[in-house]
Amino acid sequence: MKTVSRRMFRTCNKLFSRKTLNDVVEAHPSNIETAAQMDNIQHLTSPSHNTSVRDSIHHIEEVMERAHHDGGWLLYGIICINILILGCALVSGSAFNSVAITAVDRQIFLIILLLLTISWMLFYTVFTSRKDEAVSFRDGHAGPAWLRAGLLLFGLLSLIMDIFKIAIAVGYLHCDSAVKVAFPVVQAVFLFVQTYFLWIHVKDCVQQHTHFTRCGLTLTLSTNLVVWMAAVTEESLHQTDIPDLHYNVSQRMSRASVVNKKCNCSYSACYTLKEASFYLYPFNIEYSLFASAMAYVMWKNVGRLVDNHSHHKVKFRIKDVCLGPLTGVLLVVAGLATFIMYEVEIETGDVTKTDKALLIHFIMNIVIVSMMSLSTVIGCIIYRLDHREHVSEKNPTRSLDVGLLVGASLGQFIISYFTIVAVVATEARGYLNALNLTWALLTVLQLSLQNYFIIKGLHREPFHVMQEAALHTNPHAFQEHPEIIIVQESHKTSYFLTSSCDKPSWKRRVLKEVCAFLLLANIILWIMPAFGARPQFDHPIEIKFYKVSMWTAIVNIGLPFGIFYRMHSVASLFEVYIIS
């Protein structure tokens, strides 16, 4: 027991560094509950308190978090909600009422938000992060390399989109507002500053200027969400197809991109740049969501004490995985071919060609979700045979991943269930209606199974961690796992798995195959709706049942969340692949 006590205090000293328990209590003399809990921690050395070192650290962390928050989260929440609601009102107003609220009004509001956020990020980088002991701890789970690489890629493509917008706005500068030039310029600067800021500081657990840092991160989160809403609204209005039910002619709505007919561009390449910029909108949308998630994790980590040794580094290797990636690549290629054909046939406006395109599109999607459901069931069966323990460590990144996964899936759930009700209630006949109903039912099944599979996988201990723990408790571990070798250095023994000797167990291989296949399948399910596939408007059964205004609102609200769900599933499946 004395040894345990010594280890506990040694660990606590490392965590607190120069901050003593008394300093914490004196910082919040009015918090009687906090002081009492800190007093209880000081008595952990008595024999009656048989608590492990890890539990003690987590208890101290919870007390410190409560002391740091001090109710301020309510103020930050109010600020965030007000910015979001005002932004939503301006974005919606400028999209549907170009007279009372113009695009210039919306862009002025966004410019102000972007400039304020840029100013705070520069202040944090220059002053707060460089203060002594301002960043005493770093969360190893926050901002993994693949997430930051995705942010960098989406940021680069978003920067190209802003360059196109600047070129387009310059062409109309002689007869339009200069704000339309200033907005993409400011947004390009914001992209550069924010990408650098998140790349460098996403792991920070700030211990000084906590209130100002939380306020700045709240502003950053709100700004990214408002930019996301503006991009989603503009892209949705551009991609929305409303069929004329009397003449069976599909007409493209491009209200977001319509300019004053009296104002003509000064050069001929304007239309080409405008169409090209809309193909980059999905990347800008994903960038805003990536940045929002990373800002939220930073907000949760402000004032947080982290055990720096709790994060286990796992390397990505595709060795010994073949069937899943191969099948997934074939599915992506087939999906791209059918998607291109769908877009070409729909643009013709011919009824026969439209029905043919819908037929192939529905069949392709049914095949994809069926194969995904089957592979997910196989993965869930492997989970039942796998005896890895669940992760009990408090982790804001994991909590956010699960919350976003479940929340974003609601968008696709809504569209699928509304389709099911429309087809069943109208008793619609025909092969297209039957395929549409089948696709909706299978999508509901696939979403449910995939959510279960990913959430279970994210909360499992990494395989190599379980093996390492087994070495300390099972004397026969070396006989059962010959790939484990020992390295002794300065009286310290470390254990690790060799990557070149033996192949992983069949359970690990099956899980990796399933993850690789689901990852690629989700990519093609992201590509098709993100770049313009709208069978919800090309097949008129739902529009006849719900009418144009209601069905348009349902799709334009639910589909962006469904698109984000597919991209977020790719990120989560990559994480599950790594720890399997």
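Indices start at 1 and increase along the chain as displayed.
In case you wondered, yes, glycine gets a Cβ from its N, Cα and C as well.
In TrEMBL, annotation is done automatically, which means it is predicted and not curated.
The transmembrane segment annotation in TrEMBL covers 73-96 (among others).
Residues or ranges marked as transmembrane segment in TrEMBL: 108-128 (among others).
Sequence annotations record features per position, and here TrEMBL assigns transmembrane segment to 149-173 (among others). If one looks beyond the transmembrane segment (149-173) by at least 6 residues along the same chain, the residues whose Cβ comes under 8 Å of a Cβ in the stretch are 180-181, 183-185, 187-188, 191-192, 194-195, 198-199, 259, 263, 265-267, 269-270, 273-274, 276-277, 280-281, 283-284, 286-287, 290-291, 294, 571.
Packing against the transmembrane segment (179-200) from elsewhere in the chain are residues 103-104, 107-108, 110-111, 114-115, 117-118, 121-122, 124-125, 143, 148, 151-152, 155, 158-159, 162-163, 165-166, 169-170, 172-173, 220, 227, 287, 291, 294-295: each is 6 or more residues past its ends and has a CB under 8 Å from a CB in it. Sequence annotations record features per position, and here TrEMBL assigns transmembrane segment to 179-200 (among others).
According to TrEMBL, the feature transmembrane segment maps to 320-342 (among others).
The feature transmembrane segment is assigned by TrEMBL to 362-383 (among others).
The transmembrane segment annotation in TrEMBL covers 404-425 (among others). Packing against the transmembrane segment (404-425) from elsewhere in the chain are residues 293, 433, 436-437, 440-441, 443-444, 447, 451, 454-455, 536, 541-542, 545-546, 551, 554-555, 557-562, 564-565, 568-569, 572: each is 6 or more residues past its ends and has a CB under 8 Å from a CB in it.
Packing against the transmembrane segment (437-455) from elsewhere in the chain are residues 362, 365-366, 369-370, 372-373, 376-377, 379-380, 383, 402, 405-406, 409, 412-413, 415-417, 419-420, 423-424, 514, 518, 565, 569, 572-573, 576: each is 6 or more residues past its ends and has a CB under 8 Å from a CB in it. Under the heading transmembrane segment, TrEMBL lists 437-455 (among others).
Residues or ranges marked as transmembrane segment by TrEMBL: 514-533 (among others).
If you look up TrEMBL, you'll see 545-565 (among others) marked as transmembrane segment. Residues of the same chain lying 6 or more positions beyond the ends of the transmembrane segment (545-565) and with a Cβ under 8 Å from any Cβ of it are 232-233, 236-237, 240, 242, 282, 285-286, 289, 404-405, 407-412, 414-415, 418, 421-422, 425-426, 447, 526, 529-530, 534, 536-537.
For the transmembrane segment (514-533), the partner stretch with the most Cβ pairs below 8 Å, chosen from 73-96, 108-128, 320-342, 362-383, is 320-342. Between the transmembrane segment (73-96) and the stretches 108-128, 320-342, 362-383, the greatest number of Cβ pairs separated by less than 8 Å involves 108-128. Outside the transmembrane segment (362-383) by six or more residues, the chain places 324, 327, 331, 334-335, 338, 432, 435-436, 438-439, 442-443, 445-446, 449-450, 452-453, 456-457, 460, 507, 510-511, 514-515, 517-518, 521-522, 524-525, 528, 535 with a CB less than 8 A from a CB of the stretch.
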